[in-house]
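*Asks:* Feature annotation from TrEMBL assigns domain 'Uroporphyrinogen decarboxylase (URO-D)' to 23-32, 143-159. As annotated by TrEMBL, substrate binding site applies to Arg28, Gln29, Ala30, Gly31, Arg32, Asp78, Tyr155, Thr210, His328. Residues annotated as site 'Transition state stabilizer' in TrEMBL: Asp78.
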Amino acid sequence: MSHPLVNDRYIKATLQQETDRTPIWMMRQAGRYLPEYRQLRAEAGSFMDLCTNPELACEVTMQPLRRYPLDAAILFSDILTIPDAMGLGLYFTPGEGPAFKKAVRDEKAVKALPILDPHQELKYVTDAVSTIRRELKGSVPLIGFSGSPWTLATYMVEGGTTKNFSEVKGLMYEQPAVMHQLLDKLADSIIVYLNAQVEAGAQALMIFDTWGGVLTPRDYQELSLRYMAKIVDGLTREKDGQRIPVTLFTKGGGKWLDLMAATGCDCLGVDWTTDLNEARQRVAGKVALQGNMDPSMLYASDERIREEVETILASYGHGNGHVFNLGHGIHQTVNPEKAGVFINAVHELSKKYHQ
Ligand code: 1CP
């Protein structure tokens, strides 16, 4: 019953194969900047009520695809579903972001964390994946995702969102063995979680390492990259004869792209602080690149947005292996019409780089 993929530009670009234009999707493309999202969330009650109901998660995933000619869908869920499923009690306070009822701050708490069974506590995620796949009818590929072990650990040790990372860095510097136990447990859980998403129908995977960039170069390799590499090694990379591309995104990781490329992933997400041309030279054909317009460019005029799209396309240059995206998630106060201007500009202006 699986439909053949009608638009496979995203998959092809992540594998550096030929496409007629540069594919585009946007990080956080489903979410708060869309009035239809805000309405559905109000009707459902809360963000987690959307995530845990496969029909609603599917509806939210489809919302941006109805508005814009995007080349990929991304599962509507959150990276913090894993710590929630481990029993930490995720909740959201309006305006302050995510928080946990329990934080993980010592060896006892790390040891007490259960190994995740994705078919139990997170069945709502795999159910959402199969529901979305059915609804997409092969129109565009579905991206499944997880946070990186380090990024999840920051939320678990801090007990929520943080600005200065004092608790998690305190644990990392004072009790490195405990930190490594936590990261290793998370890596094992993420492997089974992502493989369950593939089993349910995810056609590509992305790992968000939102906070890897706050580490020193040495700590980045030891505490973030090493565990992402372990995950890449453990993932299902082919299903029904199709390669399942894996993208790693470390925000602020532009200086480590060559190390990231050596993990065996297919594609690297790049934020707007790195020049794509330089990034392309650094990875030397090993991986594809995704990015990297500054999300704040969507506050500029239509002309300025188009100009920036042209600049980024020219910076990557002619040829394959570029997935257009923002350098981070779309901001919640962006006018949805500006996203349309951005996406149409990529469609129109990228063709000449593929002739
Ligand atoms: O409606 C609401 O108020 C909730 C807002 C919201 C949304 C729409 C949250 C809470 N999460 C999401 C969805 C989400 N989160 C998706 C699927 C939607 C899509 O991309 O179309 C994805 C892929 C994520 C991933 C995510 N969650 C990341 C990694 C990517 C990134 O932006 O760096 C992170 C760090 C989170 C944590 C999180 N969840 C929610 C918020 C507001 C945050 C960020 C908190 C912080 O800044 O620390």
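Any Cβ shown, glycine's included, is placed from N, Cα and C.
A TrEMBL annotation is a machine prediction, not a hand-curated record.
Quick caveat, the model's predicted, so the values are computed rather than measured.
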*Asks:* Distance check, please: Cα of Tyr155 (substrate binding site) against Cα of Asp78 (site 'Transition state stabilizer'), rounded to an integer number of angstrom.
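*Replies:* Spelling it out, the Cα of Tyr155 (substrate binding site) and the Cα of Asp78 (site 'Transition state stabilizer') are 13 Å apart.
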*Asks:* Near ligand 1, which of the binding-site residues Arg28, Ala30, Arg32, Tyr155 have CB less than 6 Å from any of its atoms?
*Replies:* Arg28, Ala30, Arg32
*Asks:* How many Å separate the Cα atoms of His328 (substrate binding site) and Asp78 (site 'Transition state stabilizer')?
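*Replies:* Roughly 15 Å, rounded to the nearest whole number.
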*Asks:* Cβ under 8 Å, sequence separation of at least 6 from the ends of the domain 'Uroporphyrinogen decarboxylase (URO-D)' (143-159): give me the contacting residues as numbers and ranges.
*Replies:* 10, 25, 72-75, 77, 79-80, 82-83, 88, 98-100, 102-105, 129, 165, 167-168, 171, 179, 182-184, 186-187, 190, 193-194, 197-198, 202-212, 215, 223-224, 227-228, 231, 248, 250
*Asks:* What same-chain residues lie close to the domain 'Uroporphyrinogen decarboxylase (URO-D)' (23-32): Cβ under 8 Å, and 6 or more beyond its ends?
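*Replies:* For the domain 'Uroporphyrinogen decarboxylase (URO-D)' (23-32), the list is 9-10, 12-13, 38, 60-61, 63-64, 68, 70-74, 76, 143, 269, 323-326, 328-330, 332, 339, 342-343, 346-347.
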*Asks:* Using a 10 Å cut-off on Cβ-Cβ distances across all protein chains shown, tell me which of the recorded positions (Asp78, Tyr155, His328) has the largest neighbour count.
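*Replies:* Answer by Cβ density within 10 Å: Tyr155.
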*Asks:* Restricting attention to the domain 'Uroporphyrinogen decarboxylase (URO-D)' (143-159), give the mean pLDDT.
*Replies:* 98
*Asks:* Measure from the CA atom of Asp78 (site 'Transition state stabilizer') to the CA atom of Ala30 (substrate binding site) and give the result in Å, rounded to a whole number.
*Replies:* 11
*Asks:* Over all pairs in Arg28, Gln29, Ala30, Gly31, Arg32, Asp78, Tyr155, Thr210, His328, the listed substrate binding residues, work out the largest Cα-Cα distance in Å.
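*Replies:* Output for substrate binders Arg28, Gln29, Ala30, Gly31, Arg32, Asp78, Tyr155, Thr210, His328: max Cα distance 23 Å.
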*Asks:* Tell me whether Tyr155 (substrate binding site) sits in a helix, a strand or coil according to DSSP.
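*Replies:* Looking at the DSSP assignment, Tyr155 (substrate binding site) belongs to a helix.
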